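**Q** A single structure is presented below for examination.
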Amino acid sequence: MGCCAGSRRHLSDSEGEEAGPESRAPLLEHQGAEWKNAVGFWILGLCNNFSYVVMLSAAHDILRHEKASGNQSHAVLLADILPTLVIKLLAPLGLHLLPYSPRVLVSGICSAGSFILVAFSHSVGTSLCGVVLASISSGLGEVTFLSLTAFYPRAVISWWSSGTGGAGLLGALSYLGLTQAGLSPQHTLLSMLGIPGLLLASYFLLLTSPKPQDPGEEDEAETAARQPLIGTEAPEPKPGTSWNLSLQERWTVFKGLLCHIIPLVLVYFAEYFINQGLFELLFFRNTSLSHAQQYRWYQMLYQAGVFVSRSSLRCCHIRFTWVLALLQCFNLAFLLVDVLLGFLPSIYFIFLIILYEGLLGGAAYVNTFHNIALETSDEHREFAMAATCISDTLGISLSGVVALPLHDFLCHLP
């Protein structure tokens, strides 16, 4: 009996060893798909905002070359923000009529078109058309890819946000570096036409097809956070199905999102009020940096802060984003008082505050969308992501309305 039992144990162990690789294969395949999706969404975030950052810098160069007036510089800001604002306002109403793949193609084509138009521009009007195309590409891409995260593990929100944060830093550095190395703005832009191609390749070749998520992948805290909103079990929705909601249902979901939307609007309002209205006025004479160099340092530190905090979700999850809104508004008030009174003795204090400003802004963005992914039901998540996209653009638009006139007013103070 003992010998037979030993033989059976030996046989069982042998079968387990033979089945081992087969049982590990699905796990390895699952891990491989996770990494493909993570890298894919990071590249999508990078490419979606990279083209926009680079092209906008080039447009400002051309406006300076064309000796554009201040009014034309304000026109750049309008061309930059209005198309994105219109797209995001319409997204919760009718964008679902266009499937995901055509939207991505349109975004990529507009991105490439913006590079080509600005590269060969010989007039302010052509440059502004390039800005409009870049704005359409960025706005349409953000709505599309954030909606698409509803059908992948929630970790891709962090990767997408990190990619968008990296775009601000790498986009500005690459354009500055290539032009400083001797390339003309035209050749610099044409050399970057691979960016839209990389975006399309990442979407069509790298991302795996959306599949139902395994509930076992959620931790207990996430399950508890979503439980009141999930209700009874339902079939896993497919991309586009959440747009079958009635107008009444969409309005109900939207009202529930206001606790996320309002803090994010306030964060971006204060953030871009500082960037558009105060950066140029925070000038220190007791340093070797010129006015232009100080401004470039402000922008670089801001982008660095955004990148770090948009990549920080795995380390730090912030549930109450209204705290970030209050802190950013305090930043605005503090820097506005310094512009009026000039009480800070050194530019390094400003450097630290601007880095902190970027950290707050990036943290508000990634945590807002992560919280929405946790708290909304599967049925509503795609719509909720698209609807909340308006927050940053609305905050930037409102800040422009207030900050630009205030900037002109402060410039004329004695």
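Cβ coordinates come from backbone N, Cα and C, glycine included.
Feature list, courtesy of TrEMBL:
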REGION    1-23  region 'Disordered'
REGION    212-240  region 'Disordered'
TRANSMEM  39-63  transmembrane segment
TRANSMEM  75-98  transmembrane segment
TRANSMEM  104-121  transmembrane segment
TRANSMEM  128-151  transmembrane segment
TRANSMEM  157-176  transmembrane segment
TRANSMEM  188-206  transmembrane segment
TRANSMEM  320-341  transmembrane segment
TRANSMEM  347-366  transmembrane segment
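Have a look at these and tell me how they're positioned relative to everything else.
**A** Residues of the same chain lying 6 or more positions beyond the ends of the transmembrane segment (75-98) and with a Cβ under 8 Å from any Cβ of it are 56, 59-60, 63, 106, 124, 127-128, 131-132, 134-136, 138-140, 142-143, 240, 243, 250, 254, 276, 383, 386-387, 389-390, 393-394, 396-397, 400, 404.
Sequence-distant contacts of the transmembrane segment (104-121) (same chain, at least 6 residues past either end, Cβ-Cβ under 8 Å): 47-48, 51-52, 54-55, 58-59, 62, 98, 127, 129-131, 133-134, 136-137, 140-141, 144, 185-186, 189-190, 192-193, 195-197, 199-200, 203-204.
Here the transmembrane segment (128-151) has Cβ contacts under 8 Å with residues 41, 44-45, 48-49, 51-52, 55-56, 59, 75-76, 79-85, 87-88, 91, 95, 100, 103-104, 106-108, 110-111, 113-115, 117-118, 121, 157, 160, 164, 196, 199, 210-211, 237-239, 242, 369, 373, 378, 381-386, 388-389, 393 of the same chain, all six or more residues outside its ends.
Long-range contacts of the transmembrane segment (157-176) within the same chain: residues 37-39, 41-54, 57-58, 142, 145-146, 149, 188, 192, 296, 299-300, 303-304, 306-311, 313-314, 362, 365-366, 369-370, 373, each at least 6 residues beyond the stretch ends and with a Cβ under 8 Å from a Cβ of the stretch.
Outside the transmembrane segment (320-341), and at least 6 residues removed from its termini, the chain residues within Cβ reach (under 8 Å) are 259-260, 262-264, 266-267, 270-271, 273-274, 278, 281-282, 350, 353, 356-357, 360-361, 363-364, 367-368, 371, 410.
Long-range contacts of the transmembrane segment (347-366) within the same chain: residues 157-158, 161-162, 164-165, 263-264, 267-268, 271, 274, 282, 284, 286-287, 289, 294, 297-298, 301-310, 312-313, 316, 318, 321, 324-325, 327-328, 331, 334-335, 338, 392, each at least 6 residues beyond the stretch ends and with a Cβ under 8 Å from a Cβ of the stretch.
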**Q** Hey, which bits of the same chain come close to the transmembrane segment (39-63), Cβ under 8 Å, at least six residues off its ends?
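**A** Those are 72-73, 76, 80, 107, 111, 114-115, 118-119, 121, 124, 127-128, 130-131, 134-135, 137-138, 141-142, 145, 149, 152, 156, 159-168, 170-172, 174-176, 179, 185, 188-189, 192, 195-196, 198-199, 202-203, 206-207, in sequence order.
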